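> Annotation source Swiss-Prot lists active site at 708, 751. Annotated ATP binding site per Swiss-Prot: 366, 367, 368, 369, 370, 371, 372, 373, in sequence order, evidence recorded as sequence analysis. Annotation source Swiss-Prot lists domain 'Lon N-terminal' at 13-205. Sequence annotations record features per position, and here Swiss-Prot assigns domain 'Lon proteolytic' to 603-803.
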């Protein structure tokens, strides 16, 4: 299509917006169109066989497709070819013909405007020729410094007779910023445009001359073959031109002094690596990115306390003293810890201290708040070592432990090395907290690093990626903590020796509150024993009705709640003299009761059985209900139960069916439904064929799972199918097999404590638990409750069902 500047303009034409290119009339340019507005403008131009205007977006307006985000001038041209691409874009070949200016906005989606051509005001031919000569001369001079003007382009500029075209050629080659390119583009006065271009080219020449001069100055001072050194010296020279201070000898000298002071305490490879990095830093300019990274590295590594190792040896007496002073009860864990450190002390006394760490790593396992971290703190105090806690919960990135390579932005040492720096010791006590909650992701498996850290054969040469040298971790005492041992990978479990910390009994919580928590909280709140007292009954009420946990964290919080109110009352003078908190006035200091264990029913019922459950905050009484409805022998199970518990219910149903078939359970025939079309005499087995059972575990919002309710569900089913009451003051726990055997379960201590709180008088437990775990049950529980060992479901039903008269 030919555009005649004397015909058809101004006229309305569609507008394509270009984000990256600044086009000129003489160009044939491929454009890649993907957005809806540009594609619509393209279709409009093709269908109407009209020219099209391509305009650039303004700076920081890439992606804009409205008149506010674009310049009001561009190139008028035609579409030579259109090719759809597989990715949905359209490639067009655009031929620029002339410059155009938007006079008026006439539409959007697509953009359309009334466009007229830009009319050039030309000076006299003599002046134009003179300016063109100067411009060509300056362009030739500039081409000596950069590659903006290849020979073919220079030849075209020299041979072109059209001044406007020469200006466009030079402008397109200079790679101008959009604002500058636009100001040159819309300049209608040819003389002014030539002068602006000449000035710009002269500025570029001067800038390139200065750059070359700096290079020459540097080049004369250094070895031409040392490219890296050349670049750094060049940067120095530039900074010198800007007046920057490059002196840093004092800082480098400080690094060298620190390194020399630590030299005799560190390995040879560590010393060489740090010295190498100091020397490298001395050759860098202080403002370079690499210098900042290297300086950060030296700040880290020279803080590692190579020279500081705690001299205190293991002392069983000190360990025992601190454990007993800081912790009530926990006799078995304390005994095992004392044995562990007795071995260390014996090895040290006999001069084989280097073998001390060749034993298993201690891991304190138990519910939250039972004193796992506190035990580690007591050990650290006894050994006069610093305690470093490293939280592993949710850790997925292996670099968090091993350190980040220095090539990454924000790189730093791993948490182990950071812990040594924090402790200012090379042999602190390091607590690896919540080791059972370590994750894994595409960034690696932290478990593999932990295996190396905890292996006495490997951890004397642990390599942190950030440090880039080996560091000795063998002097560290590692102690792990976990809530659920089963979640720890097998290889890691093999490295550790587990010390179980179970839930505290109410009596233990009372003693802990009286001897530890209350004195500590009084001190923390600025109170004295003469200011406030909490009665025994009030403390017992707080433990039973205001907290439900395995440990004592919430108990500490409730005591703190009381003391804050006491402090307020003292300051507002609401109370004169000593404030006494009793069971009667406890509600004035704490809100309503939060927890309350439902007491056992006071009468025997059919289909209602007390089971026992273990939770993360202790034990609980789990009441299981069963009803029968005339039907076809199916069973429905509700209460948000897991798969294991559902399977236990099915097994229990099958076991009871067998007992009925074998006449070990007597079914009163009057309860068996009769049908009009019965053709055979009713049998006991008809009771489970003609009834549907519904088994329910209350508190349906709480998920429940596990096999330990097996005998409880079997008892409920047997009770409802034989119309026999279950003793109201009995509770039970145990897994049932298809042959009626009772298998052992876990969490017995917590379960029996919960039963004791609920007023249960008799507990049925598996024989193996009776023989193995009864020694761990608190004395007050065993004194108040009859505990019966059962081997089979027959034993369970014999003790649980009320004998019929």
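Just so you know, glycine gets a Cβ as well, placed from its N, Cα and C.
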> Any idea what DSSP makes of residue 369 (ATP binding site), helix, strand or coil?
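DSSP assigns residue 369 (ATP binding site) to coil.
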> Say we define neighbours as other CB atoms within 10 Å of the CB. Which of the binding-site residues 368, 369, 371 has the fewest?
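Candidates: the binding-site residues 368, 369, 371. Fewest Cβ atoms within 10 Å: 368.
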> To the nearest Å, how far is the Cα of residue 708 (active site) from the Cα of residue 371 (ATP binding site)?
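With distance taken Cα to Cα, residue 371 (ATP binding site) is 27 Å from residue 708 (active site).
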> In Å, rounded, how far does the Cα of residue 369 (ATP binding site) sit from the Cα of residue 751 (active site)?
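Distance (Cα to Cα, whole Å): 18 Å.
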> Starting from the ATP site formed by 366, 367, 368, 369, 370, 371, 372, 373, give every other residue of that chain whose CB sits within 8 Å of the mean position of their CB atoms, in sequence order.
364, 374, 481, 483, 501, 550, 551
> Residues with Cβ closer than 8 Å to the Cβ of residue 370 (ATP binding site), same chain and 6+ apart in sequence?
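501, 502, 503, 504, 550, 551, 552 - these are the non-local Cβ neighbours of residue 370 (ATP binding site), listed in sequence order.
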> How many Å lie between the Cα of residue 751 (active site) and the Cα of residue 371 (ATP binding site)?
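Residue 751 (active site) and residue 371 (ATP binding site) have their Cα atoms 20 Å apart.
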> For residue 708 (active site), list the number of other Cβ atoms lying within 10 Å of its Cβ atom.
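So the Cβ neighbour count for residue 708 (active site) comes to 28.
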> Between 0 and 100, where does the mean pLDDT of the domain 'Lon N-terminal' (13-205) sit?
87
> By the count of other Cβ atoms within 10 Å, pick out the sparsest of the recorded positions 372, 751.
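With the recorded positions 372, 751, fewest surrounding Cβ atoms within 10 Å: 372.
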